[in-house]
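Here is what TrEMBL records for this protein:
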- B:42-223: domain 'Tr-type G' (DOMAIN)
- B:51-58, B:116-120, B:170-173: GTP binding site (BINDING)
Amino acid sequence: MEHALITELETELVQWGLDQKSRPVRSVYFGGGTPSLARPSMFKSILGVLDRLCHLTKNTEISMEGNPSSMISVKSLRSLRGIGINRYSLGVQSFQNHILRELGRDHTSSSALRSLLEARLVWPGRVSMDLIMGHAGQTLDDWTKELRFTMDVVDDHISLYHLTVEPGTELHSTVARGMVTLPDNDLGTDMYEAMIELTSQAGFEHYEVSNFARNGAYSIHNSGHWLGIDYLGIGPGAHGRIRDPAGWMHQCTELGTGRTQAIDAEEAKRELIVLGMRTKLGVELEMFERNTGQELLKYLDADATKACIAAGLITLRPLSLSPTERGMAVADELVARLIP
Amino acid sequence: MQHHTSSKAEGVTQALKADIGQGCRIHPNSQGVIELETFDIGQIRNFSIIAHVDHGKSTLADRLLELSQTISKRKDNKQVLDKLKVERERGITVKAQSASMFYDYKGKRYLLNLIDTPGHMDFNFEVSRSLAACQGTLLLVDAAQGIQAQTVANFYLAYGQDIAIIPVINKIDLPAADPERVASQIEVAFELPASECLQISAKSNLNVDQILPTIIENVPSPSGNINKPFKALLFDSWYDTYVGVICLMAVIDGRDKIVSAFSERRYEVSETGIMYPEQTPSSSLQAGQVGYFVLNMKALSESHVGDTFFDHKHIGTPMPGFTPAKPMVWAGIFPIDTADFEKLDHSIAKLTLSDSSVVIQKETSTALGQGWRLGFLGTLHMDVFRQRLEQEYDANIIITAPTVPYKIDYRDGTQKLIRNPTEFPDLDEVNAKVKSVQEPMVKSTIIFQNDCLGDIMVLCGSRRGVQLEHTYLDENRVLLKYRLPLAEVVTDFHDELKGISSGFASFDYEEDGYDDADLVKMNITLNSKPVDALSIILHRSQAETVSRDWVKRLKALLSRQLFEIVIQATIGNKVIAREGLSALRKNVIAKCYGGDVSRKMKLLNKQKEGKKRMKAIGGVEVSQEAFYDFMSKKK
């Protein structure tokens, strides 16, 4: 595995011409699955390759996704910090055991809480966690109670997601058969609004649909993605597409790379708007033009843009076109109108 | 002429048959035609069968065709006369047809022409023109259901034509049959002696053999003269891809092959024949006979039903003829997918080739795009047309609420006929210039079980009806006659009637002039922009109820959007109903990282695709499907 990853990384960096010291790496993210179960030496090797071929600075954000169920000692966390990991993200999902069971997680609320507090000791101010709302039978009161508790223990970054029922999952089939009822759109909206209010009272800034930060602790990695900054996905789960890890490892060691993905110009414009309208910053006018060769305001549907500004859903600022809080809540509908 | 008799039947049966008559299959001669010259006019009988829907007319016709050996006796002889699929599905006959039979009776050979009539009120016009070609008719009544509304309507049409009426009670072998009760209903309603009713079962062939002899005995032969110049009445026509228009005519006088039309156009006869039951060429068609003519006529619009054809050298007085079919129900038709316009245009053109009673105009709606405004004889006619478009041409269409033709009398003496609510004058114009607004009225007949009398009277009252007659056909069955505005009849009246009576009430109507009425145009607006396709003309007294219902139903069909939607019903500048649909609060997918993005983009493309099929009215996006749902579910 380690060998396959390193081979793919080297090949991709060279192929895309990224092996230049002049272009330092902004962020590295070890995500998906349970990377905290891997040996620290593997991360060390990968970071070593990156530093050798590109350049890692002391500002490079190097995140790792942690699993609240794995019993990692504070000592192990410190050794991860020692090899360069400087941000830690915990998939807490819920502080309620019955919900965790429903979600099929193997951790408990107490192990999640302990993992969170220990991570905060190692990376103060640089720990993120996530929480999911909109479970079957959940009331607005349940959710605000859980949020209030979370606000007491959270570090400076939190991702709050509305439960998405994915086709093919067990939850999907029980919902489809009418065995469980999920909160309807009105209740879901009430929960979303409660989440904005409670995080804001705790000093958080709602900087993306599902992401909140205080003291400027934005996720540099995800922001880069939303801002249209180039990124490279390495590994079998990087896009959740590869279902045959053994085949992938074989392909990587033989050919050097598992896949390449490039998007066309029109798709690139749409993607910048789709992602931008999900963020408080919005779409930066200068960045859009630089990336696509077209002025944002000339690209968008003019009537729809005017109507949405008049309705208080978006704001035109000197440097960007940004959604308001209300606009961000209807971003999917908004972009379908704005994009011609 | 060859005489072919059937293979010999046995002993007693054969003797009995010989007494009452026997069918006879005639074969074409070596030129492939049937020779009809030798038929004396005294040995011709032209008759029809009139009946309420499902009283067994088509089955009886099949039996008579079998009995006369016009068709062979097979299990699948199902309703030979009903050629169209929709007709078969709905158990109704839309177009007139004819079938010729040969029958030996008391030593003479008879030519019997069955002229089929449509079995529904929308086609009364066609019933009367079919009856005009007959000298007699079988009035067929179901032994269990008894007299129904169309029985009454058809009886009066036949009575008005002064032709022989033979009452026949069918389905007497049904468990619920009560032929004696039905015979007495016939006596009460039509003054036809109960003792003269034939009692049969067409399905099980019971007593059917009495029918043709009774026709020969009781129906007079046609009164034409073979030696007079040619004269014929056109009573139906249809389009054939190979030979053009085929005209079904009853020849009154003469025997000439060359005819010229009353319309002063001359036509060369290229073929004559009888429907036996398929088109079978004949050597000629002469006085008293009924059959088809191929005249090299190119367009169906040249064949005017009720027209009289003459020998071109002897143009005489035309037959009384018929009033041409007037469309009484108008509706807009639009493709659900606007890209289907061309295809649908072609389909509608083809369909009207075989149904000249549909009147077509192009129409453009801001809400629904390009389409057509079509005039129909009635709502059933409209339904049949829609169904044929969908079944035979695979069309996906929206039909707007039907409008009846209103008349506007202006103070300056001019008159205007309104076929589309958008043509209706605005309130200001009505106040300033209009003397009166008139709506078409109908005289309706409703027959039902006594126990729903109250509910049906309430229904008729709520539809602005005035009672004309109230008769008990027997202790259980009631006949009501009401004068009603046609507009009330075309909007769900029949459905409600069926609902109240659990499907047992029968209903028929005929046109009955125009009456002044206090009518207004109601508009539906979305964020103050009118939706033209949803304008209707209605009586002022109903505006409030209808407007509340419409805005509520429209609200239920619209999805929340980025902005608040205000749905209003207005008359002139006055808002009479209002519903608001607040703006969408939340529509955003929670996660959007790496791999989620391509899914999000797919979703966006799907959304954009959907929006292409939306119409924006007052900034509100409305899908064609929403209009379709609104129009198709009236309640």
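Yeah, the Cβs are placed from backbone N, Cα and C, and that goes for glycine too.
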Count of other CB atoms lying within 10 Å of the CB belonging to B:Asp54 (GTP binding site): 16
Reduced DSSP assignment, B:Ala51 (GTP binding site): strand
C-beta crowding around B:Ala51 (GTP binding site), within 10 angstroms: 24
Spatial neighbours of B:Ile172 (GTP binding site) that are distant in sequence (at least 6 apart) but have CB under 8 A: B:Ala143, B:Pro179, B:Gln199, B:Ile200, B:Ser201, B:Leu206
Conformational class of B:Ile172 (GTP binding site) under the three-state DSSP mapping: coil
Averaged pLDDT score, the domain 'Tr-type G' (B:42-223): 83
